[in-house]
């Protein structure tokens, strides 16, 4: 595995303790930046901050910039999320609020669709699914949410020398899941107007699945571009994050299958 270059992310993270605005870098003299309006209290993420502030704030407050945030997630995802974590938060939509709104919209639009994701699978495949697979197939929007802690663990382990803590990896992968939910929302909208199950099956389980895998690699590759890793090192580690998750899922599936035989 390629070795790290002199670390660059720690230098950026150290800026979060200075008295300059993390969004526009102008000097702050009060509670807000006079130039861009960002709070002077913006600080680094921690588990306490993640659950006590962002989770609560995301549920009860709606920030500006939802279209801008979605645009950033599909044009420069890794760079924009890194900037958000390092303090440039003016204009970005809170990730919790974004996820909740997308799920709500998917639920509303899905009400008018006669196609369910589980309906697209061949009957033999549906019969072979275990209880957990059936639940996830019935409620596909749960998948991106459930995978956030696992992907965060793997991105933390593979890029542990990047100096980002686990809470910041949770933010990174929450935004990744939000982007995946946006793609799911578009697919749900399509099923309202188009009902060919063969085409939809191919579109979801081939085109969209492969696209999401490529997107995951892209987002990690960009996010850690200033963390001191070589280009080759970033590519390998970015690929290994989803590969690690897939491997863990396969192991869990095998264990579940063996355990089910003894019931």
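Keep in mind that glycine also has a Cβ here, set from the backbone N, Cα and C atoms.
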Which range of 92-112, 113-133 is transmembrane segment, per TrEMBL: 92-112
Candidate ranges 70-87, 142-159 [criterion: TrEMBL lists as transmembrane segment]: 142-159
